[in-house]
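These notes concern the structure reproduced below.
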Amino acid sequence: MKIFGTDGVRGKAGVKLTPMFVMRLGIAAGLYFKKHSQTNKILIGKDTRKSGYMVENALVSALTSIGYNVIQIGPMPTPAIAFLTEDMRCDAGIMISASHNPFEDNGIKFFNSYGYKLKEEEEKAIEEIFHDEELLHSSYKVGESIGSAKRIDDVIGRYIVHLKHSFPKHLNLQSLRIVLDTANGAAYKVAPVVFSELGADVLVINDEPNGCNINEQCGALHPNQLSQEVKKYRADLGFAFDGDADRLVVVDNLGNIVHGDKLLGVLGVYQKSKNALSSQAIVATSMSNLALKEYLKSQDLELKHCAIGDKFVSECMRLNKANFGGEQSGHIIFSDYAKTGDGLVCALQVSALVLESKQASSVALNPFELYPQNLVNLNVQKKPPLESLKGYSALLKELDQLEIRHLIRYSGTENKLRILLEAKDEKLLESKMQELKEFFEGHLC
């Protein structure tokens, strides 16, 4: 049975993520990390979901039962776990979060001792241990060999210092008015402190988590409230994070939501202007708009494509010796400062770009026009191979003949089918999207 999806393990708390399942997974992961253990320490952080307590306690029980010492640091962004795992010299880091999913869901992400997400072969090795009954039941420690657990509440300071070091030393934010939407999630403590300490005039919204309101009509998936607040407050910029703050959505001074591909383009060129790029390559996923590739080419930069998921972006960056890349969805990686997408690092770089441009953000963050794109997330009841659907191949052939770029795939974390179409003719795009929706609704819903 496959346990891992495209971003760790994710499911409904109490249904897939039961205490028994989590304990078994924790033991399996712990035994895998034991093979290369240096410090016998594992770090655990979480977002603000109510079920995080249940999942955390199950993981602590599992890991200590096989002799690991566990450090619990409470609600922190996913990129903070990646950073602190290496910084605190732990064998591994674990983030308990379902990212942008509703509060009923939760998930578990693993990081190696260097702060990188696990490769697929590492996840498969953990899955093999998970299914090995004899190994699991023979691994419990007794007496003094049982591990310990301790909670540390002040590591947030380490991460704040790290974030501030990513911001250019010759700049400050005193001239900027910024609205932050922390999605009632993991960034609710750290984001306001970072921007305030760098001098910004800050307004914070959705920073009162109650365990059930994470991502609820707020944050990166629902930036309309942020847009309204930016206009009302006459702010220069607005930043919306998702539940675990590895994703960023930017709103300009006019209240417009800045497209993720425009962000990638303008930030890439900004990094080039500072001689901060390690190569001429910038990495993005197959969902990126063709206009991004054309814009980067005009700036003597090359776009490299990879599979969808920030861990694939990170891997492609390493293969191409690139230090900048990301996803249209707002997972943007500055690998000089973060091993994974970091919404706060990205927000600080956007702020620096706007400051140095000496332009309004609505101008500075709008470097090129996009080709019309249409993305639909369709709720599905089943996930058969798309190639097995009668008429599917003919649909794709027709799209190719009409020169409509297409990307159709199941979500790796939700019961959804993602349909992306791109073409120069917007009316044709809308017509074909409606046809596709009706086709898949008839087969999958």
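Here the Cβ of each residue, glycine as well, is placed from N, Cα and C on the backbone.
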Report the candidate from Ser65, Ser99, Ser393, Ser411 that shares the Mg(2+) site with Asp242, Asp244, Asp246, as recorded in Swiss-Prot. Ser99
Setting Ser99, Asp242, Asp244, Asp246 aside, what same-chain residues sit with their Cβ within 8 Å of the center of the Cβ atoms that define the Mg(2+) site, listed in sequence order? Asp47, Pro77, Thr78, Ser97, His100, Gly185, Ala186, Ala220, Phe241, Gly243, Ala245, Arg247, Gly341, Gly343
The number of other Cβ atoms within 10 Å of the Cβ of Ser99 (phosphoserine), counted over all protein chains shown, is 28
For Asp244 (Mg(2+) binding site): intrachain residues, at least 6 apart, with Cβ closer than 8 Å: Asp47, Pro77, Thr78, Met95, Ser97, Ser99, Gly185, Ala186
